[in-house]
Amino acid sequence: MATIRPPPDPTSRSRALTSPAPSEKAPATVVVLASGTGSLLRALIEATAAPGYPARIAAVGVDRTCAATEHAAAAGIPHFRVALADFPDRGAWDTALTDAVAAYEPDLVVSAGFMKILGPMFLKRFGGRIINTHPALLPAFPGAHGVRDALAYGVRVTGSTVHLVDEGIDTGPILAQEAVEVLPDDDEATLHERIKVVERRLLAEVVAAVATRGIVSDGRKAVIPDERVSR
């Protein structure tokens, strides 16, 4: 696994990214960012292995030692680490992560349980094509404890959201949502596990749809064009 560390020259800048648009002939190139167990990554690896799936994972990036790199290695996918602790500040880390991802010229970046807030340089470079999942029906219960907060509030229904990433915390345009019923005897673990089942499938479906048909967004709302009218 490659570990990205600060460049010798602190004034170095990112290269410009020129990524080809996804097409029917070439699968969309995806870089996945992860921090934990890699269950979302594993589900996406399985999806991309299916014949005809319109995207391929070019690389997996992590910010710490975690199981995600094991899943990547088992699938023969390149992986790299850009750890915040290896850099003097968040700006330097942001630059390094941006450069590391840009090297693969991705059409899409998928945040699959990546537990760091993406920086302004990264958002400027890849804005409009960073996809994230959240275990609640946004805009309700954003942040790191969406499942716990939903239970504490007493909602009867929560779910999974797949959305674009913007400068806020889980505030980007929503691409897809699916509801999950909250059962009377649920605790955080049991509810989260049922949400994860939906989340894994929904993410794979959204990545395939975006790779095939793209996204139309006005900044606040985003729509994946209907396949019946796409070209």
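Glycine is treated like the rest: Cβ placed from N, Cα and C.
These figures come from a predicted structure and were not determined experimentally.
Taken from TrEMBL, the feature (6R)-10-formyltetrahydrofolate binding site covers R90, M115, K116, I117, L118, N132. Per TrEMBL, compositional bias 'Pro residues' is recorded for 1-10. For 11-21, the entry in TrEMBL reads compositional bias 'Polar residues'. Under the heading region 'Disordered', TrEMBL lists 1-23.
Positions of the features from TrEMBL, shown on the structure.
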residue	record	Cβ within 10 Å
R90	(6R)-10-formyltetrahydrofolate binding site	13
M115	(6R)-10-formyltetrahydrofolate binding site	14
K116	(6R)-10-formyltetrahydrofolate binding site	19
I117	(6R)-10-formyltetrahydrofolate binding site	13
L118	(6R)-10-formyltetrahydrofolate binding site	22
N132	(6R)-10-formyltetrahydrofolate binding site	22
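Mapped onto three states, the DSSP output places N132 ((6R)-10-formyltetrahydrofolate binding site) in strand. Classification of I117 ((6R)-10-formyltetrahydrofolate binding site) by DSSP places it in coil, neither helical nor stranded. Spanning the listed (6R)-10-formyltetrahydrofolate site, residues R90, M115, K116, I117, L118, N132 have a farthest Cα to Cα distance of 21 Å. DSSP assigns R90 ((6R)-10-formyltetrahydrofolate binding site) to a helix in the three-state reduction.
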